Structure formats: C-alpha cells, structure tokens
Amino acid sequence: MADQSEPLLLSADDSDVDHKTRPEALSFDNIVEQSLSDFGFWQLFQVILVGVALFFDAQQIFITVYTDAYPTWHCLNHTICDHSTSDICRLPRSAWEWDGGSKDKTVISDFGLECSSSLLRGMPTSAFYIGGIVGGFVLALIPDDSLGRKKLVLFSTFAMSITSISVIFSTNVWIYTTLKFIIGFSRSQTWSYALVLISERVSTRWRPRATMIPFTFFVLGFMSLSGIAYLAQHSSWRFLYLYTVVPAIFYCIFLCIFALESPRWLHMQGNDEEAINVLKSMSSKNKPYLESLVSQLPPEQETSEELPRYSIKDFFFRKWAFRRIVVVMIILFGLGISYYGVPLAARDIDVNIYLSETLNAVVELPTFIITPIILERFNRRSSVLVNTLLGGASGVLCFVLSLLGKTGIAFAFELATFFCARIGFNLMAVYMVEMFPTCVRSSATMMFRQALVVGGACCPLIASIGRDLPSVSFAIFGVAMSGFGLFVLVLPETKGSSLCDTMEEQEKRNQTINTSHC
C-alpha cells in the first residue's frame, strides 16, 4: 500500500475497462461508510462495551468525596466534652470517639489527620488531579500508531484499577497520596482513548448518537457511586475502593476478549485484511460484500517501518492543523471554566447547596439526547456559536438577577448556564473528531481534554471572587463561554463529512473545499 491517501481497491473488472470509462475507485473510507451504514446490535454492543470504561473512570474521579470526608464524632466524657462547642484537637483522645466506633471509616480518621492542616488533608485529592494533568501532557506525546485504540483503552483502565486496589494497602497518607497521583496519571486519557475508538467504528450518520453513549456512562458512574457509598457507609473506606475496583478488573478482562480494534487504525498500519475482518464482525449483513473485497486486496509492499509516521509534532509543522488545534483548545478552555466553575459557584446563590448540586448532576442527562438532535439538524459551527452565546447570556442574567434578589430565577439561569456548557462540550467533542485525520486524532483528543482540565483548574480562583461580590463569578463564566466561543467562526464546517485517515488526505479535502468556496 504505497500511499494511504490513494484508493484502497478498484472494482474486479478494472483490468478490462478502458481507463476513461473506469468506474470510480473504492476507498477505504467508502468501505467503512457502506459496511457500517446500519447501526446493528453488534455495533451498539461495541459502543457500550468501550463506553463502560468511563463509568469506572467517573467512580475513581469522585470517590474521594466519600473516602476523604471528615467523619462525624461524639463525646464520651460529657464533663469535659461538648460536641457543639468543643474542638477535638484540644480534647484528650479518651473524651471523644468517631461515630460508629470505627477508626478507619475515612482516610482522615484512619491516618489521624483530624488535627492536620487542610493542605495535608486535601493533598491526596490534589495529587490525583495533578497526576491527571501531568499524565495528559505526557501521554499526548505517544504517537497514534504506537499501540492501537483498543490497547490504550484497556491499559489505561487496567492500570487505574490495579493502582486503585493497591490503595487499600496504604499505611500512611504519603503512600496514599503517591498512589492517588499514579491513579490520576494512568486514567488521564481514558476518556480520549474511548471517544476516538468509538467514533472510528461508526459511520458518519450514527456518530453523533454513538459518541453520546460514553458520556452517559460517565454520569451514571458518578450517580452510582452515591448508592455504593451509602451501602458502605458503616464500613472502612478501603471497602469502597474494593467495591468499585473489582468490577472494573472483570470489565478489563471482558474488554480484552470482546472489544474490536478500530478498522481505520488498522488500515493506517497497512493491515487492510484485518481491518476488513473487523468490519465483517461488526456488520454481519454486509459480510458477503466485505468477503468479496478480501480477494481484491493489493499486496502489502511496505513494512510497518516504511509506513508514514505521525505524531504531535505534525500539529506544529502544518499551519492548518496548528490553527485548528489552538482554536479548539481556546474554546474548550472557556467551556471548561464554565462547566467546572458554575456548580462550584452555586453556593453564592441563596439556595440549598445539596439541591443545587443534585440538579446540576441531573441536568446533564438530557444533554445526551438533545446533542445528537442538534448535530443531525444543524451545522457544527453555528450550533457551537449559538449555544455558547446563550450560555454566556444565561450566566450574565444569573448575576444580575442574583443582585436583584430574584434567587429562584437566578438559580434557573445557573442551571441553564451549566446546561449550555455541557451541550457545548458534547458538540465540540464530535466536531473535533471530524476535524482531524485518523493518524493524529488521538493526540488531538488528548489536547482537547487538557484544555478543558486547565480551564477547570482556574475555577476555584474565579469562584472565590464571588465571596467579595456575590455571584459576579457567574458573569465571568458567562463572558468566558461566549467570548471564547466566538473563535468557532475560524473553524471549517464538517457536518456530513466522513473521516480522513492521513494528513495528506485531509489537506486534499481542505483544498477541495476552499476551491469550491472560491
């Protein structure tokens, strides 16, 4: 296969047909689109199988909410101890006891951190997020042609699970913090790997709906953690890790056995026969058609070492790729500020904090139904633009109404701002996949996610401003979302376009589009 931008196959009778009347060559992209045009049971099974990885990913992200919480306590000696006024750090240990009598209910009680500084108590959680940021940048340097989509999803989930189960053997806060850093590092790109694998195994028609499935599992994983924590509330914090990790390990075994590799990635490696076998497994209806193509496969004249190699450096050497990835990261930075910051600043509105956080979590679920409808009916660029402008306006209105004392209406606009931030994230996830070819799509997705995380890291600082001027942070979040969202006007429209595989193929398509516009 001398050039992967060239057609993969010609029709069987091409040798007997004059060059002028020869039918159009059949490219690998055409084969994928035709064979996966019907979204059958096996395709749905493959999407769900990979999407479940985000279910377990969400559990490990939010598990410290329960394992690292400050446990409740009660007095034993009421002559010197008053629960409402006493400071346990000033009381003798014999005068009080943790509720339930269990010392290892949470990490704080187990490692004796009740009188430690807030910095030390929050260090494990901070280490987890730092590990995620560091891992995101380091793992983004791995070339797309290194291991394959399936193996990357499997390795990241398995490494996260094995390290998480090692946490139960921690004997002090320093070991626990180190392991949390490793967990954050290992799972930093699970979301990116899963999204790319799913998007490359469905046709253009079904991509908007299929890519929403892993996001749904992420929210379900977060919601399931509350139930598991409630059932384990009287047990050691180590059991909560055990209850979430053991199913994840069994899932990794299931993933290894049944998950299929991306046919587009296999094609990029020169393994066309294996790629077609994957398509046959996913589309039994088109199996005869695909079997007829196997005999027409050209001999593979290049070894894997001779095939073109692509990496993250290609974003810097090609002007169009650099412009696209920078703009995508700018937009995601603005969305990240709003997505992570709005729930954090909800305390500035005079509403029940437990109710507000619950509603913010629930409001995410409808976005996975609404996003595919928007993607199927409207253009990518205009959808992102209108959504970010609406979200920005909602944030500003939330600030204004809060100042006027209209708490209930202000809270409704807070939910609207968060809703638009989530919709914007969903839209950009599909948009970004369609803008970059297979050879660098994984690296682009990693940088996409890193911009979101960096935006989220700025939220606590912005939210703290609301303590001096109540609710002003909502105006900042709104302006950031709409302001950075305007950069989408620089990006090309991709609605209805199939995925390219190489940088050269993408450049040819860009030239064709530019020529048609001229």
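Glycine is treated like the rest: Cβ placed from N, Cα and C.
Because TrEMBL annotations are produced automatically, they should be read as predictions rather than curated entries.
Taken from TrEMBL, the feature domain 'Major facilitator superfamily (MFS) profile' applies to 46-495. Marked as transmembrane segment by TrEMBL: 44-63, 126-142, 154-175, 210-233, 239-260, 321-341, 353-375, 384-404, 410-434, 446-466, 472-491.
Panel annotation: around the transmembrane segment (154-175), residues 53, 56-57, 60, 107, 111, 113, 120, 123-124, 147, 182-183, 186-190, 193, 238, 241-242, 244-246, 248-249, 251-252, 255-256, 259 of the same chain, lying at least six beyond its termini, place a Cβ under 8 Å from a Cβ of the stretch. Among residues of the same chain six or more beyond the transmembrane segment (126-142), those with a C-beta under 8 A of the stretch's C-beta atoms are 61, 64, 177-178, 180-189, 311-312, 443, 446-447, 449-450, 453-454, 457. For the transmembrane segment (239-260), the partner stretch with the highest count of Cβ pairs under 8 angstroms, out of 210-233, 321-341, 353-375, 410-434, 472-491, is 210-233.
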